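Beneath this line is the structure, given in structure tokens, with notes to follow.
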Amino acid sequence: MKNLVKLSLIAMLTAATLPAMAAKSEPYTHQGTNAREMLVEQPIHWISVDQLKKELEGKAPMNISFDIDETVLFSSPCFYHGQQKYSPGKQDYLKNQDFWNEVNAGCDQYSIPKQIAVDLINMHQERGDQIYFITGRTAEDKDGVTPVLQKAFNIKNMHPVEFMGGRDRTTKYNKTPGIIEHKVTIHYGDSDDDILAAKEAGVRGIRLMRAANSTYQPMPTLGGYGEEVLINSSY
């Protein structure tokens with residue numbers, strides 16, 4: 001009898017404590033996180049400049065291409081200025097040729113070269129690789145971009161920038177023809193279109209991270225197409 005009473009008391013106490021442990025006093029109002037979630041790392045294929053350099057050792061010189069905006073240059077200041085001037089609060093300025101004319105004519109003198117681009121270009125030039133810049137910008141009569149890039153990155157054998165915006169093409173992505181034309185082996189870029197253009201051209205696409213304060217929104221998903229992503233490449 002005494003044992004039965006003891007078991008009953010234990011059962012009652014256990015039942016009384018369970019709701020207090022399991023139930024929330026109020027439903028959450030924000031997404032939040034927890035200790036386990038904070039420790040979860042996404043399965044991204046990270047790569048460094050040093051790893052690339054070692055991997056390419058002993059290989060013949062090759063042709064390399066780079067996107068420009070948010071890949072080699074932090075050009076958000078130009079785009080912010082353009083938006084305020086041509087279409088405040090809207091993205092219409094990107095379809096305005098006057099904006100592209102202004103950017104290509106010399107606005108990039110206010111863009112900031114990214115350190116990751118300096119490191120990559122130095123590494124490739126030391127190997128004897130040829131550097132090409134392929135952009136989705138629309139061209140105009142005056143090209144003020146090529147000299148800015150040549151000076152910023154000390155390009156030894158500078159090729160004119162390839163402006164792919166508005167060009168006729170048979171490919172899905174506008175940078176694909178430039179990648180194919182120049183027989184590129186590796187294409188670097190920050191956008192989904194860069195990675196997809198590289199895939200379409202059948203070459204290796206490597207993602208650079210976009211700066212957190214970039215005006216180019218929304219942010220792309222790093223490694224979203226299984227591509228390699230350069231560490232510390234947002235600056």
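Cβ coordinates are placed from backbone N, Cα and C, and glycine is handled just like the others.
The number of other CB atoms found within 10 A of the CB of ASP67 (active site, nucleophile), across every protein chain shown, is 23. Secondary structure from DSSP puts ASP67 (active site, nucleophile) in coil. What Swiss-Prot lists as active site, nucleophile is ASP67.
Around the Cβ of ASP69 (active site, proton donor), 24 further Cβ atoms fall within 10 Å across all displayed protein chains. Feature annotation from Swiss-Prot assigns active site, proton donor to ASP69.
Non-local contacts of ASP190 (Mg(2+) binding site) by the CB criterion (under 8 A, 6+ apart in sequence, same chain) comprise ASP67, ASP69, GLU70, THR71, ARG207, LEU208, MET209, ARG210, TYR216, PRO220. Residues annotated as Mg(2+) binding site in Swiss-Prot, with similarity to another entry given as evidence: ASP67, ASP69, ASP190.
Per Swiss-Prot, substrate binding site is recorded for THR135, GLY136, LYS175, and the stated evidence type is similarity to another entry. Take the CB of GLY136 (substrate binding site) and look out to 10 A: across all protein chains shown you find 23 other CB atoms.
Here Swiss-Prot flags 1-22 as signal peptide.
Residue environment of LYS175 (substrate binding site) contains 28 other Cβ atoms, counted within 10 Å of its Cβ in all protein chains. Spatially close to THR135 (substrate binding site) yet at least six residues away along the chain are ASP67, ILE68, ASP69, VAL145, VAL161, GLU162, PHE163, MET164, GLY165, LYS175, judged by Cβ distances under 8 angstroms. Taking the centre of the Cβ atoms of THR135, GLY136, LYS175 as the substrate site, the nearby residues of that chain (Cβ within 8 Å, site residues left out) are ASP67, ILE68, ILE134, ARG137, GLU162, PHE163, MET164, GLY165, ASN174, GLY178, ASP193, ASP194, ALA197.
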